[in-house]
Amino acid sequence: MQDQRNLLVFSGNANKPLAQSICKELGVRMGKALVTRFSDGEVQVEIEESVRRQEVFVIQPTCAPSAENLMELLVLIDALKRASAQSVTAVIPYFGYSRQDRRMRSSRVPITAKVAAKMICAMEADRVLTVDLHADQIQGFFDVPVDNVYASPLLLADIWRAYGTDNLIVVSPDVGGVVRARAVAKRLDDADLAIIDKRRPRANVATVMNIIGDVQGKTCVLVDDLVDTAGTLCAAAAALKQRGALKVVAYITHPVLSGPAVDNINNSQLDELVVTDTIPLSEAARTCAKIRQLSVAELLAETIRRIAFGESVSSLYVD
């Protein structure tokens with residue numbers, strides 16, 4: 001193994017188990033830092049070891065509670081920069097606020113993904129590493145290099161192992177996800193592709209799900225970047241089963257799973273939901289028989305190693 005004495009990994013409180021798994025994959029210990037709260041709730045951070053001239057990686061998804069976790073990340077970066085770290089890479093497995101990435105129809109709303117990116121850059125982070133951004137263009141909101149790595153190799157390997165490619169069809173849950181679904185289908189021996197076209201015929205009429213493609217008697221694999229309340233996902237599963245699908249499974253990178261998500265999944269016709277550990281699961285999600293979690297620790301550890309030693313990251317994804 002290459003010399004990793006100048007590589008340090010720190011973590012906020014958002015996803016300590018993932019950070020520990022990454023350290024184990026890298027063969028390094030977790031950096032010593034106090035990340036807690038003052039009595040009034042303000043974030044308190046103290047780096048408890050020297051980081052001078054070290055290559056530092058801070059692992060902190062900005063999942064719920066988003067504001068607190070983002071603030072922890074910002075304060076950690078600032079503390080490390082002030083302690084003379086050679087470079088600080090913000091490792092953000094799930095980049096919260098990413099869905100607020102544009103002004104629809106020029107409405108009077110913020111572009112919060114840009115706000116979060118500017119705040120991270122203002123703390124003088126040297127680089128950002130993230131997984132499956134909601135939109136690739138968000139990389140342009142940052143003034144520093146961004147490595148947006150994809151969980152697809154991990155998810156594809158599991159699809160091959162669990163379901164094979166016989167009688168399988170990849171399904172995009174909406175028109176916007178067609179590019180992602182097509183890429184997955186290509187890697188599954190050019191599997192068939194179906195698209196769910198959601199539309200509301202007129203005001204006060206329920207949304208209709210039109211399925212473009214033949215799913216009769218097939219195992220349907222829905223692919224997407226995140227699942228929130230799972231309402232749309234569960235409705236899609238019901239529509240696919242109604243059209244004769246044999247089985248409906250979903251492979252989704254980020255398990256936001258807010259509100260009634262777990263209940264929705266338990267009561268749905270979805271056979272299995274496979275997610276990653278970019279966001280920690282709640283107790284209800286961990287005990288849900290339909291939810292299975294894969295780890296991105298090995299993927300992120302290898303990417304961190306390549307960044308630290310000046311190797312290509314893009315070659316991880318060359319076909």
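Backbone N, Cα and C define each Cβ position, glycine as well.
Positions annotated as ATP binding site by Swiss-Prot: ASP40, GLY41, GLU42, ARG99, GLN100. The Mg(2+) 1 binding site annotation in Swiss-Prot covers HIS134 and rests on sequence analysis. Look at Swiss-Prot and you will find ASP174 tagged as Mg(2+) 2 binding site, backed by sequence analysis. Residues or ranges marked as active site in Swiss-Prot: LYS198. According to Swiss-Prot, the feature D-ribose 5-phosphate binding site maps to ARG200, ASP224, ASP228, THR229, ALA230, GLY231, THR232, an assignment based on sequence analysis.
Mapped onto this structure are the features recorded in Swiss-Prot.
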{"residue": "GLU42", "record": "ATP binding site", "DSSP (3 states)": "coil"}
{"residue": "GLN100", "record": "ATP binding site", "DSSP (3 states)": "coil"}
{"residue": "HIS134", "record": "Mg(2+) 1 binding site", "DSSP (3 states)": "coil"}
{"residue": "ASP174", "record": "Mg(2+) 2 binding site", "DSSP (3 states)": "coil"}
{"residue": "LYS198", "record": "active site", "DSSP (3 states)": "strand"}
{"residue": "ASP224", "record": "D-ribose 5-phosphate binding site", "DSSP (3 states)": "strand"}
{"residue": "THR229", "record": "D-ribose 5-phosphate binding site", "DSSP (3 states)": "coil"}
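ASP174 (Mg(2+) 2 binding site) sits 13 Å from GLY231 (D-ribose 5-phosphate binding site), taking the CA atoms of both as reference points. Packing around GLY231 (D-ribose 5-phosphate binding site) is summarised by its Cβ count: 14 other Cβ atoms lie within 10 angstroms of its Cβ, all protein chains included. When the binding-site residues HIS134, ASP228, ALA230, GLY231, THR232 are compared by Cα distance to GLY41 (ATP binding site), the shortest distance belongs to ASP228.
Between the CA atoms of ASP40 (ATP binding site) and ASP224 (D-ribose 5-phosphate binding site) there is a gap of 39 Å, rounded to the nearest whole number. A sphere of 10 angstroms centred on the C-beta of HIS134 (Mg(2+) 1 binding site) encloses 19 other C-beta atoms.
ALA230 (D-ribose 5-phosphate binding site) sits 15 Å from LYS198 (active site), taking the Cα positions as reference. The residue listed as 'active site' has GLY231 as its nearest neighbour among the binding-site residues GLU42, HIS134, THR229, GLY231, going by CA to CA distance. Here the candidates are the binding-site residues HIS134, ASP224, ASP228, THR229, THR232, and by Cα distance the one nearest ARG99 (ATP binding site) turns out to be HIS134. For the binding-site residues GLU42, ASP224, ASP228, counting C-beta atoms within 10 A of each C-beta gives the highest total at ASP224.
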